[in-house]
Amino acid sequence: MIKIAPSILSADFAHLGRDIQRISDADYVHVDVMDGLFVPNISIGIPVVKCIRPVTDLPLDVHLMIDRPVRYVEQFCDAGGDLITCHVEADTEENIHSAIVKIHAKGKKAGVVVKPKTPASAVLPFINEVELILVMTVEPGFGGQKFMADMMPKVQEIRRYIDAMNPACELEVDGGVDPVTCKLCTASGANVLVAGSSVYKAEDIPARIRELRG
Ligand SMILES: O=C(CO)[C@@H](O)[C@H](O)COP(=O)(O)O
Ligand SMILES: [Fe+2]
């Protein structure tokens, strides 16, 4: 079963509640948090997560593109995040472990994310502890970028690790996912697809979500 996580980075922030209700057929709401340091862009943070929490029953999938996320994971959990993902590049291995422990202590799900240039093996220190691994299929920082098909061998490699070591773990891809590229992702073993512009630019959003689910 393929899950769809529309990214609200492509929503109209002046009408965020309305735009979240438009994706009620999805499986997760993907929330891109950017600090202007880990990535060259600034988006939304803790107060916005708190405000959108009552607007939807869908789980909030909070993608932290921030430096040293261990400093903030508890606040994102308290604000209403259900699944909090941290980039392995954003801190030491020890601190990423601490972030995962803190997220679990709040009763929430934890995940790790890898940027395009980071090898698949970088998830191995965390694979037994997380509920989700996210593979970036664009350089993080902006919506609407071109899908990097050359990330598919990495998705396949991580799928093999997951099947061998933690079969319940979800495998998510993020960046440039549309009705064509989604097929490459699912064929490579991804089961959660983040899609920002391809969902929010669609004339019929529920139909687009069904199309991506395949
Ligand atoms: O994390 C990010 C970008 O850094 C993503 O979640 C994008 O927001 C996805 O947008 P599209 O590439 O689907 O337009
Ligand atoms: Fe994202």
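Residue 1 is the first one shown; counting continues down the chain.
Heads up, the Cβ atoms here are built off N, Cα and C, so glycines get one too.
Divalent metal cation is bound by HIS30, ASP32, HIS63 in TrEMBL, and the record lists one more residue there from ASP163, ASP174, ASP178, which is ASP174.
By the rule that a residue counts when its Cβ sits under 6 Å from some atom of ligand 2, the recorded positions ASP32, GLY141, GLY143, ASP174, GLY176, SER197 yield ASP32, ASP174. Using Cα positions, the member of the recorded positions HIS30, ASP32, HIS63, ASP174 nearest to GLY141 (substrate binding site) is identified as ASP32. Cα of HIS63 (divalent metal cation binding site) to Cα of GLY143 (substrate binding site): a span of 13 Å.
For the pair SER197 (substrate binding site) and ASP32 (active site, proton acceptor), the Cα-Cα distance reads 13 Å.
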